[in-house]
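Structure record follows, encoded as C-alpha cells.
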Amino acid sequence: MKTTMAAAATCLVALLVVVLAEAAGVGCTTVAYNDRSLVIDGERRIIISGSIHYPRSTPEMWPDLIKKAKEGGLDAIETYVFWNGHEPHRRQYNFEGNYDIIRFFKEIQNAGLYAILRIGPYICGEWNYGGLPAWLRDIPQMQFRMHNAPFENEMENFTTLIINKMKDANMFAGQGGPIILAQIENEYGNVMGQLNNNQSASEYIHWCADMANKQNVGVPWIMCQQDSDVPHNVVNTCNGFYCHDWFPNRTGIPKIWTENWTGWFKAWDKPDFHRSAEDIAFAVAMFFQKRGSLQNYYMYHGGTNFGRTSGGPYITTSYDYDAPLDEYGNLRQPKYGHLKDLHSVIKSIEKILVHGEYVDANYSDNVTVTKYTLGSTSACFINNRNDNKDLNVTLDGNTHLLPAWSVSILPDCKTVAFNSAKIKAQTTIMVKKANMVEKEPESLKWSWMRENLTPFMTDEKGSYRKNELLEQIVTSTDQSDYLWYRTSLDHKGEASYTLFVNTTGHELYAFVNGMLVGKNHSPNGHFVFQLESAVKLHDGKNYISLLSATIGLKNYGPLFEKMPAGIVGGPVKLIDNNGTGIDLSNSSWSYKAGLAGEYRQIHLDKPGYRWDNNNGTVPINRPFTWYKTTFQAPAGQDTVVVDLLGLNKGVAWVNGNNLGRYWPSYTAAEMGGCHHCDYRGVFQAEGDGQKCLTGCGEPSQRYYHVPRSFLKNGEPNTLILFEEAGGDPSQVIFHSVVAGSVCVSAEVGDAITLSCGQHSKTISTIDVTSFGVARGQCGAYEGGCESKAAYKAFTEACLGKESCTVQIINALTGSGCLSGVLTVQASC
C-alpha cells in the first residue's frame with residue numbers, strides 16, 4: 001500500500017533546525033499518511049483528539065485541561081488560531097496572556113500529546129467576526145476569502161507569522177514538536193456556492209493550498225468541509241454530528257473527522273443544548289467501524305468568551321458546548337468517563353483497525369456487522385441503527401443483545417467490551433455553593449458612578465463627520481460595541497414628532513436634547529429593526545444622539561465584507577402627526593466610537609475615580625451606570641462563578657479582567673425539545689428535531705466564570721459592572737462550583753467506582769443503594785429495592801474518601817432484592 005511521505009523529508013529540509021532541536025534532547029518525528037491512517041514514525045496510528053481553544057481559558061488552566069484530556073484517552077489537542085486576537089491592529093501583534101499560543105503548544109508537548117494547528121485564519125468558531133480582524137475592511141478593494149490580492153496578502157502575512165513562530169519554537173513534528181497536522185482555510189466548501197463567482201472561489205481555495213504547502217512545515221495540510229474542488233495537495237476532512245458515512249474525495253488519504261460536535265453553542269435567546277454521552281459514543285464507534293482514522297471532539301473543553309470575543313451575533317459569554325470538560329474545566333460526567341471507556345477499547349484494537357482486512361455485512365433491521373482480521377486475530381463491531389428497537393444479533397454462534405441506536409465493540413469478536421448505550425461511568429451533579437469566606441458580609445456593599453453621556457449629547461467633538469449614515473464595523477473598526485451617531489437641526493417653535501430609525505442593529509438607544517427617548521434591540525436572527533419614539537423639539541437647535549451597539553459580529557457565512565451593522569443608510573426621520581417626514585439621513589452626522597467610561601478605563605478602578613455610595617443607597621434600574629464592590633475570594637481551589645441575576649445587560653470585570661458581556665434579563669425561549677430527551681435517534685441542533693434542551697424560560701446565562709488566576713487570596717477583590725440597560729446589583733453573589741451528588745448504575749459482576757473529584761472533596765453520605773429500577777435522576781433517585789448489604793459495603797468503603805471502588809456481587813443484593821442492576825447515589 002502506497003504511503004504519502006508528506007513529512008518524511010522534514011529532518012533533511014530543516015536540518016539545521018532539527019540539529020539544534022536534537023542538541024536539546026528532542027527527536028525528529030515524521031508524519032505521513034495512507035488510505036487507512038496517519039503514519040507517524042513509520043507506524044500507522046488511530047488518533048483521538050479534542051479541541052481546546054487557548055483564548056477561551058487562562059494559561060493557569062491549560063496544564064490541568066490538557067492533563068484531563070490525556071487521562072480521558074486523548075492523543076492530541078486541536079485548536080484554531082485567532083487572527084483578530086493576535087493582530088487586533090494591523091501589524092500590531094499580541095501573544096501575551098491567554099493569547100500566548102507558543103506556551104499553550106509547549107504545555108501540549110509537555111503532556112506528551114500531539115497537536116493539530118488549525119490556522120484558518122478564518123475560523124468561524126462562534127468567535128467575533130469568525131476570527132477576521134475588522135481592520136481588513138479598511139483596505140481598498142478588499143474581498144474576504146476570494147481570489148483577491150488585498151485579502152490574500154494579509155492572509156499570507158498572518159499565516160507565515162504563525163508558522164514562523166511555531167518553527168522558531170520547534171513546534172512542528174519534524175523539529176521534535178507536537179504538531180502533526182495543520183489546517184488552512186475553514187469550511188469553505190459550505191459557502192463556495194454562495195459567493196457569486198465560482199472561478200474566483202476556486203482560484204482562491206487552490207491558492208490557499210499552494211501558499212500553505214510553500215511554507216514547508218513538514219506535516220500534512222488539511223481542509224475541512226471541502227468536498228468538491230479539493231486541491232490535490234491537501235487532505236479534505238469532515239465536520240458534523242456524524243461522519244461515519246463520509247469518505248474523502250480520493251483514494252490514498254485517510255478518513256479524518258475534524259469536528260465531532262459534542263453539543264452546541266448557545267445564543268442569548270436559546271436554552272442549553274445537550275448531546276448525550278450515548279449518542280456521541282455511538283457516532284464515534286460507527287466512525288471507527290467505517291474506517292475512520294482520526295477523530296476530534298469539537299469541543300473537548302469549550303471555555304469562556306472573555307471580553308468581546310463572542311461572535312454570532314448574540315452568542316453568549318459561556319462557550320460550554322456541553323463538552324466532556326465543562327466551561328470551568330470540571331469533568332462532565334458521565335460524558336467524560338463514557339468516552340474514556342470507548343477510547344480504551346478502540347486503542348486496544350488499533351493495529352487490527354489500521355492493518356487488518358475488513359468485511360462489512362448488512363443484516364436486516366438496519367444492523368451492520370464489520371469484522372476486521374489481522375493474522376489470527378479479529379475484532380468486530382455490531383451496529384444497530386434502529387432508533388426504537390433493541391435487537392438480538394447472532395455473530396459466530398454467539399447471540400448479543402444490542403440496544404437501539406448503539407454499537408457494540410467486541411475485540412475478539414466474542415465478548416462485548418463496550419456498548420455505546422450502556423454507561424458504566426459515574427454521573428456527577430455539580431452544584432453552586434455560596435461564598436463561605438469568613439467575615440464576608442451577608443450582601444455585597446456597592447458604590448456607583450454615572451456614565452458621562454454629556455459629551456455625546458451634542459454633535460460636537462466627534463472623530464469625524466459625514467453627510468451620510470455610515471456602517472458601524474468600518475467606522476468603529478470594532479474597537480467598541482458602541483458607536484455614536486449625532487446630528488442637529490434648527491427648528492422654529494415647539495412641535496411633537498415621531499423619531500423613526502431603521503437600523504441593522506443589534507441594539508439602539510435614542511436621545512433627543514440629552515433625554516433618553518427610546519431603546520430597542522433586534523430579535524436574534526432578524527437584525528434589521530426599527531425604533532419609533534415620540535419626541536418633542538424646542539425652538540432653536542435640537543440635538544439627536546443615537547447610540548448603536550453590536551453584540552458580537554457575525555462569524556459564519558459568505559461575503560463578510562458586505563455584512564452591515566449599525567444605522568447604515570437609515571433612514572432616520574422625524575415624522576409629524578400628518579405623516580410628513582423630515583429625513584435626516586443625509587444631514588451632517590458626527591461619529592464617535594465607544595463610551596466615556598471606556599476611554600477613562602473605569603474598569604481598572606484607578607486612583608482618583610469618584611465613586612458614590614450615597615450613604616448605602618444605590619440607584620437601581622437606571623441605564624448607563626457603573627457599579628463597584630469588593631469581595632473575598634472563595635476558599636479553596638474550586639471553580640468560582642458570579643451570579644448576576646437581577647442585572648439587565650452590560651459587562652463585568654474582576655480586578656480589571658473582562659469576564660465578558662452579561663445579559664441575564666434575556667430569557668431562553670420555550671422549545672419543544674426542553675420536554676423530551678432520548679439518546680436514540682439523530683441529534684440535531686437546528687430544525688424541528690431538537691431534543692435534550694434545558695433552561696427554557698430561564699435566563700440564557702446567569703452565572704459567569706471568574707478564573708482563579710483573576711483572584712487575589714487574602715485581600716479584597718474588585719468587581720466592576722457597567723450596567724447599560726438598567727438593573728439591580730443587590731442580588732449579585734459569588735459561588736463555588738463543586739460536586740454535589742455522584743451516581744453509578746452497574747450490573748452484578750461489575751465494579752462501581754465513586755469519586756468526588758479534585759481538590760480533596762470526600763464522600764460524606766451514601767444516599768441510595770438500590771437494586772432494580774430506580775426512578776428519577778441523579779441527586780433525586782427513589783424507588784427500587786434498597787439493599788442493606790450494599791449500603792453497608794459502600795459506607796465502609798467510601799465514607800470520608802475522595803474515591804472508592806466496590807465489586808458488585810450477588811451477596812450485596814440482600815434478602816428480598818432480585819439480582820440485577822445496582823444504583824448507588826452518594827453526596828460529596
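Even glycines carry a Cβ here, placed using N, Cα and C.
Per Swiss-Prot, these features apply:
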type     : residues : note
SIGNAL   : 1-23     : signal peptide
CARBOHYD : N157     : N-linked glycosylation site
ACT_SITE : E187     : active site, proton donor
CARBOHYD : N198     : N-linked glycosylation site
CARBOHYD : N249     : N-linked glycosylation site
ACT_SITE : E259     : active site, nucleophile
CARBOHYD : N260     : N-linked glycosylation site
CARBOHYD : N362     : N-linked glycosylation site
CARBOHYD : N366     : N-linked glycosylation site
CARBOHYD : N392     : N-linked glycosylation site
CARBOHYD : N502     : N-linked glycosylation site
CARBOHYD : N578     : N-linked glycosylation site
CARBOHYD : N586     : N-linked glycosylation site
CARBOHYD : N615     : N-linked glycosylation site
DOMAIN   : 746-828  : domain 'SUEL-type lectin'
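Taking the features listed in Swiss-Prot, we show where each one sits on the structure.
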residue : record                      : Cβ neighbours (10 Å)
N157    : N-linked glycosylation site : 12
E187    : active site, proton donor   : 20
N198    : N-linked glycosylation site : 11
N249    : N-linked glycosylation site : 13
E259    : active site, nucleophile    : 25
N260    : N-linked glycosylation site : 25
N362    : N-linked glycosylation site : 9
N366    : N-linked glycosylation site : 15
N586    : N-linked glycosylation site : 13
N615    : N-linked glycosylation site : 5
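Across the structure, N615 (N-linked glycosylation site) and E187 (active site, proton donor) place their CA atoms 57 angstrom apart.
For the domain 'SUEL-type lectin' (746-828), the predicted model reports an average pLDDT of 89. Long-range Cβ neighbours of N392 (N-linked glycosylation site) (same chain, at least 6 residues apart, Cβ-Cβ under 8 Å): T399, H400, L401, L402. Distances between the Cα of N502 (N-linked glycosylation site) and those of the glycosylation sites N198, N260, N362, N578, N586 are shortest for N586. The separation of E187 (active site, proton donor) from N198 (N-linked glycosylation site), Cα to Cα, is 16 Å. In the three-state DSSP assignment, the secondary structure recorded for N260 (N-linked glycosylation site) is strand.
N198 (N-linked glycosylation site) falls within a helix when secondary structure is assigned with DSSP. The Cα of E259 (active site, nucleophile) lies closest to that of N249, out of the glycosylation sites N249, N362, N366. Of all the Cβ atoms in the protein chains shown, 19 others lie within 10 Å of the Cβ of N502 (N-linked glycosylation site). Cα spacing between N157 (N-linked glycosylation site) and N578 (N-linked glycosylation site): 58 Å, rounded to the nearest whole number. Summarised by DSSP class, the composition of the domain 'SUEL-type lectin' (746-828) is 15 helix, 32 strand, 36 coil.
In this structure, the CA atom of E187 (active site, proton donor) is 52 Å away from the CA atom of N578 (N-linked glycosylation site). According to DSSP, N392 (N-linked glycosylation site) is assigned to a strand segment. Less than 8 angstroms from the CB of N578 (N-linked glycosylation site) sits no same-chain residue that is six or more residues away.
Annotation note: N362 (N-linked glycosylation site) sits in a strand segment as assigned by DSSP.
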